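Please read the structure below before turning to the comments.
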Amino acid sequence: MAATAVAAAVAGTESAQGPPGPAASLELWLNKATDPSMSEQDWSAIQNFCEQVNTDPNGPTHAPWLLAHKIQSPQEKEALYALTVLEMCMNHCGEKFHSEVAKFRFLNELIKVLSPKYLGSWATGKVKGRVIEILFSWTVWFPEDIKIRDAYQMLKKQGIIKQDPKLPVDKILPPPSPWPKSSIFDADEEKSKLLTRLLKSNHPEDLQAANRLIKNLVKEEQEKSEKVSKRVSAVEEVRSHVKVLQEMLSMYRRPGQAPPDQEALQVVYERCEKLRPTLFRLASDTTDDDDALAEILQANDLLTQGVLLYKQVMEGRVTFGNRVTSSLGDIPVSRVFQNPAGCMKTCPLIDLEVDNGPAQMGTVVPSLLHQDLAALGISDAPVTGMVSGQNCCEEKRNPSSSTLPGGGVQNPSADRNLLDLLSAQPAPCPLNYVSQKSVPKEVPPGTKSSPGWSWEAGPLAPSPSSQNTPLAQVFVPLESVKPSSLPPLIVYDRNGFRILLHFSQTGAPGHPEVQVLLLTMMSTAPQPVWDIMFQVAVPKSMRVKLQPASSSKLPAFSPLMPPAVISQMLLLDNPHKEPIRLRYKLTFNQGGQPFSEVGEVKDFPDLAVLGAA
C-alpha cells in the first residue's frame with residue numbers, strides 16, 4: 001500500500017529503536033485523561049499529566065510512546081482524547097517533548113493510524129481526520145520541523161491525504177507559539193531577530209540561511225544539554241557511591257556485625273577515586289553557571305571526605321566493635337556524612353578554631369574542606385584550639401589565649417591542651433556530661449545557673465570511666481522500636497516546624513533499664529528547613545544519649561506529597577527512677593533565617609505508666 005511506502009521511507013532515516021519503558025505515574029494520569037467512559041474529557045487530569053511530563057526527567061521521552069499507544073486504541077473516544085492530550089503537551093511540555101514528537105519514530109505511529117496496511121482499515125473517520133488535522137497544523141505552526149513537513153507531504157503524494165484540512169476557527173486549544181518563551185531561539189536576542197527576519201522573507205536563500213541558523217542553534221543547545229546531563233549524572237553517581245561507601249564503613253562499628261566484603265569495598269573506593277578527575281573536568285567546563293559549579297564543588301567535598309574516611313579506616317585507625325578510636329571520636333559514620341561541617345555550622349555551643357599560622361604549627365591547613373575534616377578528626381592536617389570526639393559541643397579555653405583575626409588561636413600551650421583532651425588522664429566523668437570547668441561560651445539560658453544539668457548533641461566519645469556503662473555500648477536500630485500507646489509529647493511547634501517525642505513499649509534490646517524515646521521532626525512550612533541541630537540536657541542523676549538523626553534538613557511542604565520526617569533516637573538511663581526532666585536547645589535555618597530555640601519538655605507520664613505502656 002501507499003502508506004506502507006511512506007512508513008518505510010520514514011523509518012529508514014532513523015534507528016528502529018523501541019520506545020523507552022513508561023513511568024507508572026505518567027500512565028496513571030494518562031489513563032484518567034483518556035478514560036473512554038467519561039462523557040467529557042478530564043482537563044485536570046490532562047494538566048496533571050503535563051506537569052508530570054515536565055517534572056519527571058524521563059517524562060518527555062516516555063510520554064510520546066504512551067500517547068501513541070492510546071492514539072492507536074480501537075475505542076474512538078479514547079483515541080480522540082489521547083490526540084487532545086498530545087496537542088496540549090505540544091503546547092506546554094517544552095522543547096524536549098517537542099523534539100521527540102517531531103522525530104520520524106513517533107510520526108510513524110501516527111502514520112499507522114492512517115495506513116490501511118496497519119490500523120487505517122478499522123480506525124474511524126473522526127480519528128483519522130483528527131490525525132490529519134494535527135499533522136497539518138504542525139506544518140503551519142512549526143515550519144522549522146522539517147521531518148513533520150516531509151511526512152505530511154509524502155502522505156499527500158501517496159494519496160493518503162487528499163487535501164489540506166481547514167483548521168476550525170473556534171479551536172479549543174490555542175495555536176502554540178513557534179517556540180517557547182524559554183526557547184534556545186530567545187537566548188541570543190540578535191540571533192532571534194535575525195531568524196525572525198529570515199523566516200519572513202520570500203527569498204529561498206534567506207530560508208536556507210534560516211535553516212542553517214536553526215541547525216546551529218539546535219546543535220549548541222544539544223551540546224549544552226549533554227553537558228548538563230553529564231554533570232547531573234556525575235553528581236548523582238558521586239552521591240550514590242559515597243552513600244554505599246558510608247554504609248559499608250559503618251559496618252565496622254555495628255555490634256555483632258561482620259565487616260563488609262573487602263573486595264566490594266575496594267571496588268567502591270576505586271570508583272570514587274576515578275570520579276574525582278571527572279568532577280575536576282566538569283568544574284573547569286562550568287564557569288558560566290554559578291549554581292552548577294556550586295553543586296559540583298559540593299559533590300567534590302562529599303567525595304573527598306568519603307575517600308579520606310576510607311583511608312582512615314583502612315589504615316587501622318578505626319577498630320571493629322562499637323567504638324571508633326580517638327581519630328574519629330565516637331562520631332558515627334552516618335553523622336559524618338549527614339552534614340560534613342555540621343558541627344561548626346549549626347552548633348553554637350562550640351567554637352572550633354583551626355590554627356592556620358605556620359608560626360604556631362609549622363603546617364598550613366590546605367583548604368576550608370580540610371579544616372572541616374580536621375574538626376571532625378578525620379584529616380591528617382594538624383589542628384589546634386579544638387577538641388574531638390566527645391568535645392564536639394564542648395571547648396576547653398585558656399583564659400590567657402587570644403583569638404587572631406584569621407581565626408587561629410595564639411596559645412603556646414595549644415598542643416598540650418589538645419593532648420590533654422585526647423588522653424586518658426583527666427578525672428573520670430559521667431557519660432555525656434560536660435565538665436563544669438569547661439562550660440561552653442554559648443550555653444542555653446539557664447544552663448550556667450543550673451549546674452545539675454548537662455548537654456548532649458549526639459553520640460559523643462565516652463570518657464575512660466564510662467566505657468562499661470550501658471549507654472556507651474547501646475545502639476537501638478530505628479526499625480526495632482515498637483511505639484507505645486501513650487500519646488506523644490509536643491516538644492516544639494512553631495512556624496510550621498513541629499517536633500514530637502514518642503515513647504516505646506520496651507527498653508533498649510539487652511538493656512531494659514534504658515528507656516527508648518523517638519524524636520520525629522516534620523515541617524508544613526512553605527520554606528525548607530535545614531541545618532537542624534537538636535541538643536538535650538537531663539539532670540546529672542540521669543544519663544542521655546542521642547543517636548544520629550536520619551537527616552538534617554526538611555524540604556518545603558507540598559500538599560501533593562506526604563511530608564518528610566526526620567527521626568532521631570533518644571536513649572535515657574534513669575537509674576534512680578526520678579521524675580523525668582528534659583531541656584532542649586534547637587537550632588535551624590528556615591527560609592534563610594537562623595533560629596535558636598531553648599525550652600523544656602514537660603508533662604512526662606509517671607514512671608509507672610511509662611513502664612507499663
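Glycine is no exception: its Cβ is also placed from the backbone N, Cα and C atoms.
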From Ser225, Ser400, the one Swiss-Prot labels phosphoserine: Ser400
Do you know the DSSP helix, strand and coil residue counts for the domain 'GAT' (188-315)? 112 helix, 0 strand, 16 coil
Please spell out the DSSP helix, strand and coil residue counts for the domain 'VHS' (33-163). 92 helix, 0 strand, 39 coil
Any idea what the model's mean pLDDT is for the region 'Unstructured hinge' (316-483)? 42
